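According to TrEMBL, the protein carries these features:
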type	residues	note
BINDING	Ser54, Thr55, Arg56, Thr57, Gln81, Arg105, His132, Pro133, Cys134, Gln135, Cys262, Leu263, Arg290	carbamoyl phosphate binding site
BINDING	Asn163, Asp223, Ser227, Met228	L-ornithine binding site
DOMAIN	7-145	domain 'Aspartate/ornithine carbamoyltransferase carbamoyl-P binding'
DOMAIN	153-301	domain 'Aspartate/ornithine carbamoyltransferase Asp/Orn-binding'
Amino acid sequence: MRNGNPRHFLDISTVARGELRAIVDDAASRKTLGRNASRPLEGKTLAMIFDKPSTRTRVSFDVAMRQLGGETLILSGAEMQLGREETIADTAKVLSRYVDAIMIRTTAHDRLTELAENATVPVINGLTDDTHPCQIMADLLTFEEKRGPVRGKIFAWSGDGNNVLASLVEAAARFEFTLRIATPPGSEPDMRYVENARGEGATVLLTNDPVEAVTGADCVVTDTWVSMGREDKARGHNVFMPYQVNERLMAHANPEALFMHCLPAHRGEEVTDAVMDGPQSVVFDEAENRLHAQKSILAWCFGEVAPAAGAAHG
Ligand code: CP
Ligand code: NVA
């Protein structure tokens, strides 16, 4: 048995404000230092389990770990005994004897929490059906490097109320920005996240009107209309088309507004080419910042990132 109390990165809401701030600030600093930054994870191994496809998460975690001095193992859930019904709990106990941290991209969120409850090494959420916190950490880094502190700013979401949005909702509470969400009726976000964020004092507005959400916003965000594993719940594109982020919708935002998308994008569906490739789009900066943000998340899991003295917790 190793560390009996590992530091997991499961969700934005499971990490204290001061720690989240320290991670974003550390990421900005590591990005500036580039490969001259420290290599605190020399000799450590990260196992990554993928129950769903990935380009960015897979490559950015792999490169992040190498740049921190560590090594990685990339595992497909389907090719592990997990795919033949070995339990998540037993898998957690076994992997904890071999590796120093585990990242998992999976389906049901309770697979992640069960892994974390049974692992004796840090566990990181690389996306579940419910949330995608690493994406939002990269997005906050991206916003702040372009526009300064996110606190008090207005973010607008137009599209499906999915896992990426749930983590953005959690971030609105932790980082104190306003979030306006426009979805078609029936595609609203999971209200547990919205109620929790409101309970922490966040301003989260729900509407079916994308113009209401986007008007005056500092950042406009969208994502696919059909998330991985949700194909059976797919709804007609005509339902989502009014929520497409196009130049007409962007014109309602603050003229300085950024456009964000976690990628992969479905051009011509949730976003047009003109917006994706236009001057307000920072989608490839977001993709790059997955690397920098995750270096700091990994370092934080190993106690290498700490809030500044006197920073707010909670
Ligand atoms: N944004 C994101 O998580 O991309 P991948 O699915 O390619 O990892
Ligand atoms: N909402 C998308 C995000 C992909 C990175 C999905 O879950 O498929």
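From the backbone N, Cα and C atoms, a Cβ is placed for every residue, glycine too.
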Cβ under 6 Å from an atom of ligand 1: which of these binding-site residues qualify? The list is Ser54, Ser227, Cys262, Arg290.
Ser54, Cys262
Should we count any of the binding-site residues Cys134, Asn163, Asp223, Cys262, Arg290 as near ligand 2, judged by a CB under 6 A from one of its atoms, and which?
Asn163, Asp223, Cys262
Among the binding-site residues listed here (Gln81, Asn163, Ser227), identify the one with the smallest other-Cβ count within 10 Å.
Gln81
Counts by DSSP class (helix H/G/I, strand E/B, coil) across the domain 'Aspartate/ornithine carbamoyltransferase carbamoyl-P binding' (7-145):
76 helix, 21 strand, 42 coil
Using DSSP, what's the helix, strand and coil tally for the domain 'Aspartate/ornithine carbamoyltransferase Asp/Orn-binding' (153-301)?
64 helix, 26 strand, 59 coil
From the Cα of Asn163 (L-ornithine binding site) across to the Cα of Arg290 (carbamoyl phosphate binding site), what is the distance in angstrom?
17
Using a Cβ-Cβ cut-off under 8 angstroms and a sequence gap of six or more, which residues of the chain neighbour Cys134 (carbamoyl phosphate binding site)?
Phe9, Thr57, Ile124, Asn125, Gly126, Leu127, Arg290, Ala293, Gln294, Ile297
